[in-house]
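Read the structure below first, then the notes.
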Amino acid sequence: MNPYILATLLFGLGLGTTITFASSHWLLAWMGLEMNTLAIIPLMAQHHHPRAVEATTKYFLTQAAAAATLLFASVTNAWLTGQWEIQQITHPLPSTMITLALALKIGLAPLHAWLPEVLQGLDLTTGLILSTWQKLAPFALILQLQPSNSTLLVILGLSSTLIGGWGGLNQTQLRKILAYSSIAHLGWMILVLQFSPSTTLLTLLIYLIMTFSTFLVFKLNKSTNINTLATSWAKAPVLTALAPLILLSLGGLPPLTGFMPKWLILQELTKQGLAPAATLAALSALLSLYFYLRLSYAMTLTISPNNLTGSTPWRLPSTQLTYPLATSTTLTICLLPLTPAISALLTS
């Protein structure tokens, strides 16, 4: 892609998210979301491959449907209450519609079906943008909205953690596994949103760091399925040794960073008297942990099959920058000891 066009599209992505962050009016927020969608579409379709074009079309249709619902709900709210302010959603009908529209935008279950299919059709770099940056603008709106319908949020959160765990169990494609991982993590965030928005923000930040690390590891290994992951020891032995730690951090095992948000969320849910929801969320984390363990096992505990599909690759020098990966990997593995300081900041 022409670097000038690429720069313009990335600027559009940044600007769309910034407009949504800064807006207090529904029309401006909707405009930011639309800019975001339109800027990423050429990036998704840049490889003229049928899978990429199909993924782009699916993404465009779901995002357009979500944006139309959002606009309709905000107009309905203005009609019912005379208010265009984001924080002035008082009527339950527009509030529920907007929550569901934003859930469709970020891919919360049961409105998640587009996300694994779309992510599977993209390359790892665009997939990384879709899994991280594209979640920020809708999340900012959900945080501002603080929906009055608390039952809806708990249902969305629990179904996302369960479906994110179940869906990834039978997958061999890494991008689909990461899509289900994304659904499960978003479920955790939504579950605690109404009780502790600061914990939700912390979970989002840690999710972004861990997902960034995971995508960069797969990109460095040029891996898109479990079979190619099994041969990665020949390319980058040190990275292959560190990768299971990154994956287990995503799964939320102590003593890694990923344990911190799960710990704080379960603590908060128990404080609010939602012990059954906390138990269900903790059990669903076991489902996710299974497929992270499966990836770790494939990477480090198996000798790759020496057939044509799994033959050991050439160990060529990588052209990818390793500083971002080194930084994000350190953060993904080592932040747990800071939990007391972070929880003190959250409660202050």
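Quick reminder: no glycine exception, Cβ is built from N, Cα and C everywhere.
Taken from TrEMBL, the feature domain 'NADH:quinone oxidoreductase/Mrp antiporter transmembrane' applies to 23-286. Per TrEMBL, the feature domain 'NADH dehydrogenase subunit 2 C-terminal' maps to 289-342. The transmembrane segment annotation in TrEMBL covers 60-80, 92-115, 151-170, 177-195, 201-221, 233-253, 273-293.
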| Which of 92-115, 151-170, 177-195, 233-253 shares the most C-beta pairs under 8 angstroms with the transmembrane segment (60-80)? | 92-115
| request: Determine which residues of the chain contact the transmembrane segment (273-293) at the Cβ level, with the cut-off under 8 Å and only residues 6 or more beyond its ends counted. | output: 154, 157-158, 161-162, 164-166, 168-169, 171, 177, 180-181, 184, 187-188, 191, 247-248, 250-253, 262, 265-266
